[in-house]
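J.: From Swiss-Prot, for reference:
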{"type": "DOMAIN", "residues": "29-216", "note": "domain 'BPL/LPL catalytic'"}
{"type": "BINDING", "residues": "Arg71, Gly76, Ala77, Val78, Phe79, Lys134", "note": "ATP binding site"}
{"type": "BINDING", "residues": "Lys134", "note": "(R)-lipoate binding site"}
Amino acid sequence: MSTLRLLISDSYDPWFNLAVEECIFRQMPATQRVLFLWRNADTVVIGRAQNPWKECNTRRMEEDNVRLARRSSGGGAVFHDLGNTCFTFMAGKPEYDKTISTSIVLNALNALGVSAEASGRNDLVVKTAEGDRKVSGSAYRETKDRGFHHGTLLLNADLSRLANYLNPDKKKLAAKGITSVRSRVTNLTELLPGITHEQVCEAITKAFFAHYGERVEAEIISPDKTPDLPNFAETFARQSSWEWNFGQAPAFSHLLDERFSWGGVELHFDVEKGHITRAQVFTDSLNPAPLEALAGRLQGCLYRADMLQQECEALLVDFPDQEKELRELSTWIAGAVR
């Protein structure tokens, strides 16, 4: 019986694909070597310990229907669209070795006619007249008895959109998380015009088989039916939840300020695990009472636009004469924290 397993996803849903990856990783036998090939529609994927409000322009993402997905590995934020091919290599220990999976990807690129090399901790680069350009980035995860290496190859990604979503708003955002280094990147279509996702998947598959001297039939994972994987439904529910994607952010502070016709407002939030642990409001409004009441209501509130808006509007009962001000405040806050 083959020790290899090849899975190819037909889904473009990042939460679905990451849930598939997680389920396979948890239940695979330690003797198995797995290759999973997939891609995501418009998504920002962040590392396990990253702060989405720091790393991403979450407001623009919401406007453009770009999803946020937190992966279980470390590393930085990346933008995925259908111009990316994603790969995951998994193996039990002691056999797991990320240099093997890296060499498989390099061999696949070489077979396609691209000479690339490993650079730094987790990048693959090609040499161009303008200098080295990144075509692949990776991240890794290890447990006591297994490990995985996953990454992306830039085929024909919209690099201008990459900058749109990975450059955060210029907010006064003092985070305890770390901002990722942005790398200079290029698409493989610049070197191989017309290269497709299917061709890249085939090349990686051939290099995978060649390395291990075995072949195996591909298992197609379809979004049309629930994958036959242990605990998939629970894993997908967690992967797609606000609590996982946003609520796992490291502690941070956020300062919002705005001037309205009725006065200036400064809001100071301390946020931990997606909840406001401290809220302070400063204002030169002639009627500060509703704002002072708001600070009390926001303590413990989820740091989510709809929840903050709800707390603002709840004050209308106690402060009906300030309806105009409270509605303006509510609209501004909801937009500012997206």
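Cβ coordinates are placed from backbone N, Cα and C, and glycine is handled just like the others.
Because the structure is a prediction, the values reported are computed rather than measured.
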J.: On the 0 to 100 scale, where does the mean pLDDT of the domain 'BPL/LPL catalytic' (29-216) fall?
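T.: Computed over the domain 'BPL/LPL catalytic' (29-216), the mean pLDDT is 88 on the 0 to 100 scale.
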J.: Using a 10 Å cut-off, grab the number of neighbouring Cβ atoms around the Cβ of Phe79 (ATP binding site), all chains included.
T.: 24
J.: By a simple count, how many Cβ atoms lie within 10 Å of the Cβ of Gly76 (ATP binding site), its own Cβ left out?
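T.: That number is 19.
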J.: Counting Cβ neighbours within 10 Å across all chains shown, tell me which of the binding-site residues Ala77, Val78 comes out on top.
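T.: Selected residue: Val78.
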J.: Please state how far apart, in Å and to a whole number, the two most distant Cα atoms are among Arg71, Gly76, Ala77, Val78, Phe79, Lys134, the recorded ATP-binding residues.
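T.: So the maximum pairwise Cα distance among the ATP binders is 21 Å.
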J.: Cβ distance under 8 Å to Arg71 (ATP binding site), same chain, sequence separation 6 or more: which residues?
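T.: Counting only residues 6 or more apart in sequence, the Cβ neighbours of Arg71 (ATP binding site) under 8 Å are Leu18, Val45, Ile46, Gly47, Arg48, Ala139, His150.
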J.: Looking only at Cβ atoms, how many others are within 10 Å of the one on Lys134 (ATP binding site)?
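T.: Cβ-Cβ neighbours of Lys134 (ATP binding site) within 10 Å number 18.
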